C-alpha cells in the first residue's frame, strides 16, 4: 500500500490483510531477539506536531523491530516553532531520504495534504490528525477485539472478521479521532457499533455514521455488548462547558465500579473493557475497571506495536499481491524498493 490515511479507505480484504500480518508480527515480540531484517536500510520519520508519548514510542519500536532507521521529529523546539511550513519540513525530510513519514498533526487533513502533494516521495501514515482520524489506533483496537472474539469461539483469529460482535464506544465522541476511525473500521469488519455520549459531545451529522447512537450507557449495557470502549474526556480541546460537572459526567457516562459490577449481574462474563489511552481515572473510567481482568488496556498497547509493524511492512515492502498476507517471518529478509497501493 502507498499510504495509510483513513480507515474509510480500507476494504474488508485490506483490513484483514493488515490484521493477519500483525498476527505474524506479534510472534517477533516473543523471540529472544525481537528484530526482523525486513526494512533494513529504510528510514522512517516520526513527524509529530502534537505531543505524544505512547503513539510515537509505539511507532519507533515497530520500525526498529523491522530494522529500519528512525528519525524522531518534534515540532516543539524545531524550525516549525519558528514558522517553517509543512511543505518546507516535508521537502527537508525528502532531501534526507525518508522512505516513510508517520505524521501526527493538530490540523484535520494534514496527512492527506502531505500524501497528495509532490513535496515528498514517501509513504505516509496518519498517526492522528486533529479530531479527524487515527487509523492505526482503530486497527490495534480491532486486532485486540478479534483475538478476544476468536478465543471465545475457539477458532483461529487469522482471516476472521468481527461479524456479530456488539461494540459500545462511550464518552467524548465529539473530539475523538479514535471514535471516528473505529466506527468505519468496525463496520467494515462486520461489528455492530453503538456510540454513547451526552448530546453535547456528539458531532453534527453523527446520525449519518454507520452506527447506532445512545445517550444512556446503562441502557446500552443492558441490551448486551461484547466490548465497551471508553473515550478520554479531552479537556484540552474544550473551550466551553460540555457537561455540568466531572462528577455528573462520571455518574452518567463513566464506566464506574457500579457498571463494572453490573456486567456480572447482567451475565456478561466475557465482555471486555477497552480504552485507547491515556486514561482519566475516576472520570471516564474507574481504577477498578481499568485494572480489572476484563480490561484490555495493556494488551492494546502491546498489540499496537505489532499492528504498526504490519502497517510499516506493507507500506515499504513493495508486496502488491491481492492474496492473504505473505509469511512475513519466513520472507522478511526481502524488502523491495517500490511502494504501490494494495
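FYI, residue positions are counted from 1 along the chain as it appears here.
The backbone N, Cα and C atoms fix where each Cβ goes, glycine too.
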Pick from 104, 166, 247: which one does Swiss-Prot list with 54, 55, 134, 137, 277, 278 for the same carbamoyl phosphate site?
104
Rounded to the nearest Å - Cα separation of residue 177 (L-aspartate binding site) and residue 134 (carbamoyl phosphate binding site):
6
Validating a neighbour-count step here. Other CB atoms within 10 A of the CB of residue 134 (carbamoyl phosphate binding site): how many?
26
Find, among the binding-site residues listed as 55, 137, the one whose Cβ has the highest number of other Cβ atoms within 10 Å in the structure shown.
137
Carbamoyl phosphate site shell beyond 54, 55, 104, 134, 137, 277, 278, criterion: Cβ within 8 Å of Cβ centroid:
52, 58, 127, 128, 178, 276
For residue 278 (carbamoyl phosphate binding site) and residue 232 (L-aspartate binding site), what Cα-Cα distance in Å is obtained after rounding to a whole number?
7
